[in-house]
Amino acid sequence: MVGAIKAAIGDALLTFMWIFCASTLGALTSVVSTALGVNGLVWPSLFITTFLVFLLVVVFTFIGDLLGGASFNPTGTAAFYAAGLGSDTLFSMALRFPAQAFGAVAGALAIKEVMPAEYKHMLGGPSLKVDLHTGAIAEGVLTFLITFAVLVIILKGPRNPLFKTWLLAVATVTMVVTGSSYTGPSMNPANAFGWAYVNNWHNTWDQFYVYWICPFIGAIFAAWFFRVLFPPPAQVKQKKA
């Protein structure tokens, strides 16, 4: 009980910080691109964004560890649970998911207040740019792909932590670019909820269907697929039995 509450508090804090910082990526990419004289060039801008994501993941991995394994993405928490990893229970996740959503709302509200006026148009979070069912499928498939990539990179990837983090950044930016013309995308229900709350469409069926139900389905299927491809050792199964 106490451990679950601590995990929820850690998640709320980490999600607040993540949404606040990650929402500045567009503005930071623009500033750095302009300073380097490559503003408007696609590939240099993508590299800059990827490098900034890499730095964020390095910092937030460290902070997450300090907070006892805190997470800012509900689908990641659900995926590790479905894969049989970690110490979460249904009860702890029932506390962690609302905490992550609360942290996301606070982060979105905070960054909207302090972002310089010339960059405020870059804020807003994910939004549905296609019909409802196409968007739902896109968000589910993208979450499946990023979740599977994260599981493979973290659990089966290179031992070098920096190279591992770089691969996570590349995978993230790739999925974001791929889904940009569909749903934003989010691949993170808490992030989507935070910005939906700010834009006053957090309590709509579209938001729940596209940015909550389908990402969870995609993440859980990715975890199950990972377990099929990489089953746990026999001795682990015996201990669990």
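Keep in mind that glycine also has a Cβ here, set from the backbone N, Cα and C atoms.
Only residues 6 or more beyond the boundaries of the transmembrane segment (12-36), in the same chain, are considered here, and those with a CB under 8 A from a CB of the stretch are 44-45, 48-49, 52-53, 56, 60, 63-64, 67, 70-72, 99-104, 106-108, 110-111, 115-116, 119, 122-123, 125, 190-191, 194. Residues or ranges marked as transmembrane segment by TrEMBL: 12-36 (among others).
Outside the transmembrane segment (42-67), and at least 6 residues removed from its termini, the chain residues within Cβ reach (under 8 Å) are 10, 13-14, 17-18, 21-22, 25, 28-29, 32-33, 36, 162, 165-166, 168-170, 172-173, 177. Per TrEMBL, the feature transmembrane segment maps to 42-67 (among others).
Annotation comment: TrEMBL describes 132-154 (among others) as transmembrane segment.
Counting only same-chain residues 6+ beyond the ends of the transmembrane segment (166-184), those with a CB under 8 A from a CB of the stretch are 46, 49-51, 53-54, 57, 125-130, 134-135, 138-139, 142, 145-146, 149-150, 153-154, 157-158, 192, 210-211. What TrEMBL records for 166-184 (among others) is transmembrane segment.
Taking Cβ pairs closer than 8 Å, the transmembrane segment (209-230) reaches residues 74-76, 78-84, 126, 128, 132, 135-137, 139-145, 147-148, 151-152, 155-156, 183, 186-189, 192-193, 196 in its own chain, all 6 or more past its ends. If you look up TrEMBL, you'll see 209-230 (among others) marked as transmembrane segment.
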